[in-house]
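A.B. asks: Got a structure for you, written out below as structure tokens; questions coming shortly.
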Amino acid sequence: MREVDQAVAFLRTRLPAAPELALVLGSGLGGLADQMEDTVIIPYREVPGFPLSTAPGHAGRFVAGRLGGKNVLCMQGRFHYYEGHDMAAIALPVRVFKALGCRALVLTNAAGGVNWDFNVGDFMLITDHINFMGANPLRGENDDTIGPRFCDMTHVYDPGLQQVALQAAAAQNLVLRKGVYLGYMGPSFETPAEIRAFRTLGADAVGMSTVPEAIAASHCGLPVLGLSLITNMAAGMAGKRLSGDEVIEIANARGVVFQQLVKGIVAAL
Ligand code: HPA
């Protein structure tokens with residue numbers, strides 16, 4: 001049996017209901033899972049073929065349940081390329097979501113602001129991305145039953161889902177910026193010169209996740225909504241050094257508002 005099918009078969013025995021929506025909760029944003037009702041918790045280590053998540057601020061488990069009136073399957077913690085995981089391992093949960101029948105994938109992350117108009121604590125709707133990770137989850141043999149060898153990337157971040165997100169944010173009087181997310185391999189933060197280069201290339205925010213999952217979702221035909229929380233201004237912009245602790249601190253401080261936003265979006269999806 002394929003890895004995807006094994007994981008799907010296992011999850012079907014544990015899930016309370018077929019999930020409609022899938023959510024990936026980024027650094028410091030895992031608290032959203034606490035807002036869910038009728039939850040069932042499934043640690044990744046129990047799922048066949050799943051690696052362990054080691055990143056700080058990431059719990060490493062699925063939380064299934066109800067959020068905003070929908071059956072949701074949430075990843076509380078994700079797999080990052082910088083942890084040493086293969087791109088294939090990062091793509092696996094996305095393919096599992098698709099096979100379980102999810103109709104959309106909401107990807108959230110903490111990111112550094114590259115656009116000078118942004119501020120720490122801002123929320124950004126990802127309209128497109130730049131893959132600067134030097135790797136692609138679709139490299140290697142293609143499984144034609146999952147998606148095509150050469151995958152179109154014109155509308156990775158679904159325009160219809162973006163509209164829903166903008167309306168849900170407006171309904172809560174929250175400003176939702178729009179921008180291009182640049183995926184950086186990490187785990188070192190960028191240099192100020194890299195940030196200047198990325199701005200010239202058209203990036204508005206930079207982070208170390210999301211891009212591989214979005215590519216895998218595009219490949220298997222799962223519409224994506226991407227949301228970033230700007231936890232810091234990127235290297236060289238704020239006249240101070242960057243730290244992972246600060247990222248988690250800001251993510252926690254803005255966590256409640258971010259959770260309300262995502263909950264509102266999920267309810268409207
Ligand atoms: N760079 C890369 N990833 C990040 C950052 C950053 O400044 N902030 C949060 N994740």
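The backbone N, Cα and C atoms fix where each Cβ goes, glycine too.
From TrEMBL, for reference:
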- SER27, HIS58, ARG78, PHE79, HIS80, ALA110, SER209: phosphate binding site (BINDING)
- GLU190, ASN232: purine D-ribonucleoside binding site (BINDING)
- 21-266: domain 'Nucleoside phosphorylase' (DOMAIN)
A.B. asks: When you measure from each Cβ to the nearest atom of ligand 1, which of the binding-site residues SER27, ARG78, PHE79, ALA110, SER209 fall under 6 angstroms?
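C.D. replies: Only ALA110 meet the Cβ criterion.
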A.B. asks: Have a look at the binding-site residues (SER27, SER209, ASN232) and report the one with the fewest Cβ neighbours inside 10 Å.
C.D. replies: ASN232
A.B. asks: Under DSSP, is GLU190 (purine D-ribonucleoside binding site) helix, strand or coil?
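C.D. replies: GLU190 (purine D-ribonucleoside binding site) sits in coil per DSSP, no helix or strand.
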A.B. asks: Grab the pLDDT values for the domain 'Nucleoside phosphorylase' (21-266) and give me their mean, rounded.
C.D. replies: 95
A.B. asks: Which residues does GLU190 (purine D-ribonucleoside binding site) neighbour through Cβ under 8 Å, counting only same-chain ones at least six apart?
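C.D. replies: GLY112, TYR184, PHE198, VAL206, ALA234, ALA235 - these are the non-local Cβ neighbours of GLU190 (purine D-ribonucleoside binding site), listed in sequence order.
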A.B. asks: Return the single residue from the binding-site residues list (PHE79, HIS80) that has the minimum number of other CB atoms within 10 Å.
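C.D. replies: Lowest Cβ count within 10 Å among the binding-site residues (PHE79, HIS80) is HIS80.
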A.B. asks: What is the Cβ neighbour count of ALA110 (phosphate binding site) at a 10 Å cut-off, with all protein chains included?
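C.D. replies: Excluding its own Cβ, the number within 10 Å is 25.
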A.B. asks: What's the number of neighbouring CB atoms sitting within 10 A of the CB on ARG78 (phosphate binding site)?
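C.D. replies: For ARG78 (phosphate binding site), the count of other Cβ atoms within 10 Å is 26.
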A.B. asks: Distance between ALA110 (phosphate binding site) and ASN232 (purine D-ribonucleoside binding site) at the Cα atoms, whole Å?
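C.D. replies: ALA110 (phosphate binding site) and ASN232 (purine D-ribonucleoside binding site) have their Cα atoms 9 Å apart.
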A.B. asks: Should ARG78 (phosphate binding site) be counted as helix, strand, or coil on the basis of DSSP?
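C.D. replies: Assignment for ARG78 (phosphate binding site) reads coil.
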